[in-house]
Each structure stands twice: as C-alpha cells, then as structure tokens.
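K.L.:
A single structure is presented below for examination.
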Amino acid sequence: MTDYPLLPQRIPRSIKFVGLVGLIMFILLQIVPIFVSPSDSGSSESSSVLTREEATTKAVAFAKSRFNEPISQTHTVHQSDSMLYGYLSKEQKLDSYGKTYDSKFPTDTFQTEISMKSGTLFVQVHMESGQVTGWTYLPAYTETKTKNNYMSDWSRLMAARQAAVTASGFRLSDLKDSTVSGNVVTLRPKGYTIGDAALTVKVTVDWPATAAKPIIFNYEPKFNAPVSYTSYVQEQKELASTLSLYGSMLMNALLFLLAIITAIRIRKIALFRRGLVLCLLFLGFYIANNYNMADGIRATLGIRANTEALTAGGVFISNIVTVLMGLAIWFSLVTGDGLWRRIGKPLWLRYGEPGYGRHVWSSMKISYPLAFALLGAQTILLLGLDRSIGSWSTTSVDSSPYNMALPLLFPLLAWCAAISEEALYRLFGIALFERLFRRRFLGCLMPTVIWALGHVSYPVFPAYSRLIELTIVGLLFCWIFIRFGFITAVFTHAILDTVLMSFDLLMMGSAMNVIAAVVYLVLPVAVAWVLMKVAGRREAVG
C-alpha cells in the first residue's frame with residue numbers, strides 16, 4: 001500500500017501562526033527599513049528614476065554637443081560600481097555617501113552606447129537627475145594610424161582641469177594634486193573622501209590632427225575603495241568561484257549523470273513521460289528570461305568594442321546551458337519519482353491518480369503560510385549573519401531589473417527555480433543520498449549543501465555566508481518536501497521567490513509592473529484552482 005503525503009484539509013493553527021509571524025518579521029525588518037530610511041542613492045533632487053529612453057535622450061544630446069556627426073545606433077543599460085557600493089554597504093556609509101556625493105558621482109548610472117562613424121561613445125547618465133557624469137570615446141579601428149597634434153603635459157593638465165570644472169563643478173583650487181602619464185591625467189580632488197575611499201578623476205586628453213581643439217576622450221570620476229577591501233573581495237570571489245566549480249557545477253554534472261544511470265536501472269517502474277510538462281515550462285520561462293536579461297550580460301562587458309556580438313554569444317551559450325539544465329531536470333523528475341515509488345512512498349502524485357486535484361489545492365493553501373514562515377526564517381538568518389560575521393551585499397548588473405527588456409517577466413524565474421531546484425535537490429537528491437548513506441538527515445544535508453554552494457557566487461560577502469544561510473533554509477525545504485510532498489515544496493518555493501521578485505517590480509513603479517506583481521502573487525491560487533477543476537472533471541468522467 002502506498003504512503004501518500006497527507007495534507008490537512010484545513011491549515012493547522014500552528015502553521016498559520018508561524019507563517020503570520022514570519023510575514024510580520026519580513027515586513028518589519030526588510031521592507032519597512034527601505035521606506036523609512038533614506039534611499040541608497042541619497043539623491044535629494046528626485047525620487048523617480050528616469051526611463052532608459054529618457055537617459056538615451058540625455059546621452060544623445062551630449063554626444064551631439066561634442067561630436068558633429070550622425071548617430072547610427074544607441075543602446076542603454078544600467079551600470080553600477082559594485083566595488084564601491086559594497087564598500088559603502090559594509091561600512092554602513094551608503095546614506096552618508098548619498099547625501100554628500102551621489103548627485104555628482106553616483107554608484108549607479110545609465111550607460112548609453114552611441115555608435116558613430118568615427119567611433120563609439122559611452123555616456124554615463126545619472127539615473128535620477130539625468131546629468132552626464134562621465135564618458136568614454138573609443139575611436140573606430142582604422143589601418144591608418146591617427147596623427148595627433150603635439151600637446152605638452154601642462155596643456156593636457158589644463159584641459160583636464162577645465163573638463164573637471166565643467167562636468168563635475170569642481171573648483172580649480174581643488175584640483176592641484178594631479179599627475180600626467182602619456183595622454184592620461186589623474187586628478188585627486190582635495191577633500192573628496194568617505195571612509196578610506198578617495199575620489200580620483202581620470203581624464204584622457206588628445207588632439208587629433210583633424211580636430212580644431214583637444215578632445216576629452218575619457219572622463220571618469222571614481223571613488224576608489226581602499227586596497228585592503230578590494231583585495232579581500234577579490235579573495236572572496238576566488239573562494240566563491242572554487243566552491244561553485246567543485247561544490248556545485250561538478251556535483252550537478254555528477255547528479256545529472258547519476259539521474260540518467262538510475263533512470264535506466266529502474267526503467268521498468270519509471271514513467272519517462274513524467275515531468276515533461278514541468279520541464280517544458282522551465283525551458284520556456286528560462287529561455288524567455290535569457291533574452292529578457294540580455295542587457296545584463298551586455299552591462300557586465302563594461303566599456304569595450306563589439307558588445308552587441310559578445311552579448312549575442314552570451315545569450316546563445318546561456319540557452320545551451322538552459323537546455324542541458326532542462327534535461328537534468330527531466331531525468332531528476334523521472335528518477336526521483338521512481339525511487340520514491342519504489343520504496344512505497346510516492347511524494348509526487350500523478351495527474352489522474354485519485355484525489356490529485358484536492359491534493360494540489362491543499363498544497364497551494366498550506367504553501368502560503370509555509371513560504372511566509374521561510375521568509376521570516378531567512379530574515380532572522382540574514383540579521384544574525386550581519387551581526388555575527390558582518391555580512392554585506394553589493395550590486396549585480398547582470399540581474400538588475402533595469403537591465404531587463406520586460407521586467408514584468410522577471411518573476412517567472414521564481415517558477416524556474418522552484419521546479420528545477422525541488423526536482424534536482426529534493427525529489428531526486430534526497431532519494432539518492434538517503435539510499436547511499438541510509439540516513440535521512442544525511443540524505444537531506446548532502447543535496448542541500450550542493451544547492452547552497454550554487455549560490456555562493458552571488459554578490460554577498462563573506463562568500464560562505466550564503467552557504468550558511470541556504471543550508472539552513474534548504475533543510476527547511478527538505479522538511480516541507482518530506483512532510484507535505486513535492487507539489488507543496490514547489491508551490492512554497494515559487495511563492496517565496498515570487499514575493500521577493502515581485503517586490504522589485506513594485507519598487508520600479510508604473511501601473512503595469514504593479515499589476516504584474518499582484519498577478520504573480522495570486523498566480524499559485526489560479527494554477528491550483530485550474531488543476532483541481534480539470535482533475536475533478538476527469539475523475540467524475542472516469
């Protein structure tokens with residue numbers, strides 16, 4: 001006789017209570033501080049962010065004022081100084097920086113790439129005020145070497161100082177500390193410091209023979225985090241890369257291989273059409289988001305030539321990896337379900353089995369308080385890590401909502417994460433490792449650690465902080481999976497991630513994003529209701 005996961009018809013009061021407490025803690029400790037504290041950007045000029053189209057207009061106007069030639073193409077992305085932002089976050093100086101320096105030297109900008117016949121111009125535009133804060137001009141490659149008029153170091157220095165006065169509002173008396181190396185002038189404005197970070201302004205000055213006067217090819221004001229911080233972050237990134245490679249990527253490949261081998265071994269009881277719908281949903285949502293987040297790839301390339309071709313290559317590789325992930329998920333669903341049914345404990349009911357519709361509906365209902373409880377637990381963990389080991393986070397342009405073609409598609413990734421991670425690390429992973437170690441706890445711990453190691457490369461420091469956080473959260477997911485089944489685990493995971501991702505949409509504003517966020521938050525209800533009705537009709541007919 002099979003042992004299906006028993007779901008209560010009514011949500012137990014204890015789970016309701018824990019869910020309510022978790023939701024309150026999440027709101028009070030993570031949401032409320034965003035609204036009662038000054039903005040990270042700290043700009044007092046405006047609280048609204050420009051659209052990318054508005055930023056492009058500002059950049060084009062600047063380009064036309066500097067270069068008297070036609071513009072063939074423009075492209076705008078969100079750019080961020082992750083190193084500086086992380087330092088300010090660690091030292092708790094984001095608010096101070098925002099009030100003092102952000103209006104002229106923002107940590108985050110819109111970067112517009114402007115293509116012209118003579119070359120490519122990258123313009124940094126303040127995300128709120130629209131002020132041009134920096135630029136870089138890359139001349140087009142020609143076989144003929146460009147000739148420049150002679151410029152003395154003094155002439156370059158004077159041109160650079162004047163550019164700094166005009167672009168950033170410095171006083172000449174602030175710019176006495178300077179050096180000239182080749183065509184690059186480095187200015188160190190007096191008094192512009194925050195903590196151990198100091199401002200430098202790098203200005204590239206040349207006088208092409210075809211130009212009537214010297215041209216500022218590059219103007220880059222930048223607060224440089226101290227060497228002690230940058231060295232530490234680099235060490236942590238190397239550690240994260242090592243942990244991610246050996247602890248996650250190689251182990252995931254091994255799990256994929258084991259899933260295939262096990263599927264072949266249990267082929268007599270495995271149902272190979274199992275999970276095809278979930279797998280196709282994952283592939284559709286993920287590939288759509290690969291294209292949606294292409295500008296995130298483009299932003300990580302920084303200022304360089306051939307960004308469009310490199311971005312296309314990055315999306316292509318991402319799609320190949322996504323297809324491989326889809327295959328791994330399919331085999332994990334087939335094998336995981338087969339292994340649990342083999343021991344008489346099917347934790348994933350099949351469509352068409354008695355009570356399937358009611359099971360899905362009950363899973364959805366209990367998943368909301370469970371997700372809220374996990375949000376509260378995660379909040380406590382983050383607060384504890386902050387207080388104990390001083391963890392902090394920084395920006396990441398590859399996943400920035402401002403770098404998405406359609407930000408309202410972003411929460412679809414919540415379902416991708418729920419389907420893939422619950423399939424690989426819970427449905428298959430626990431069954432596999434419990435069989436190997438003959439211990440339920442080790443069977444849960446091993447795939448959970450592999451799952452957690454896949455997140456250590458996120459911009460959170462120290463790198464091991466995410467390992468600690470997600471190992472604990474992952475074990476809670478394991479309990480949900482074992483106690484309430486695979487469908488409940490997927491719903492809970494999807495709801496948790498949807499809350500976090502939908503909040504990003506709400507913060508971006510616009511009626512469309514707000515409506516989309518609300519729709520995503522109630523989407524699990526709609527999905528469960530449809531499945532319950534369809535399954536119910538099938539049972540009635542059958």
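Count begins at 1; order follows the chain as displayed.
Using the three backbone atoms N, Cα and C, a Cβ is placed for every residue, glycine included.
Feature list, courtesy of TrEMBL:
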| type | residues | note |
| --- | --- | --- |
| TRANSMEM | 17-36 | transmembrane segment |
| TRANSMEM | 243-264 | transmembrane segment |
| TRANSMEM | 271-289 | transmembrane segment |
| TRANSMEM | 309-333 | transmembrane segment |
| TRANSMEM | 366-385 | transmembrane segment |
| TRANSMEM | 405-428 | transmembrane segment |
| DOMAIN | 407-498 | domain 'CAAX prenyl protease 2/Lysostaphin resistance protein A-like' |
| TRANSMEM | 440-461 | transmembrane segment |
| TRANSMEM | 467-491 | transmembrane segment |
| TRANSMEM | 511-532 | transmembrane segment |
K.L.:
Mind pulling out the one from 271-289, 309-333, 440-461, 467-491, 511-532 with the most Cβ pairs under 8 angstroms to the transmembrane segment (243-264)?
P.N.:
440-461
K.L.:
Which sequence positions outside the transmembrane segment (405-428), separated from its termini by at least 6 residues, show Cβ-Cβ distances below 8 Å to it?
P.N.:
252, 255, 259, 275, 278, 281-282, 285-286, 288-289, 291-292, 294-295, 325, 328-329, 331-333, 335-337, 339-340, 347-348, 447-448, 450-451, 474, 477-478, 481, 486, 489-491, 493-498, 500-502, 504-505, 508, 512-513, 516-517, 520
K.L.:
Taking helix as H, G and I and strand as E and B in DSSP, count the residues of the domain 'CAAX prenyl protease 2/Lysostaphin resistance protein A-like' (407-498) in helix, strand and coil.
P.N.:
77 helix, 2 strand, 13 coil
K.L.:
Which sequence positions outside the transmembrane segment (511-532), separated from its termini by at least 6 residues, show Cβ-Cβ distances below 8 Å to it?
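P.N.:
Same-chain contacts beyond the flanks: 351, 356-358, 360-361, 363-365, 367-368, 407-408, 411, 414, 491, 494-495, 498-499, 501-503, 505.
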K.L.:
Is the transmembrane segment (271-289) packed against any residues at least 6 beyond its ends, judged by a Cβ distance under 8 Å, and which are they?
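P.N.:
Those are 263, 319, 322-323, 325-326, 329-330, 333-334, 337-338, 350, 409-410, 412-413, 415-416, 419-420, 423, in sequence order.
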K.L.:
Over the span of the domain 'CAAX prenyl protease 2/Lysostaphin resistance protein A-like' (407-498), how high is the average pLDDT in this prediction?
P.N.:
97
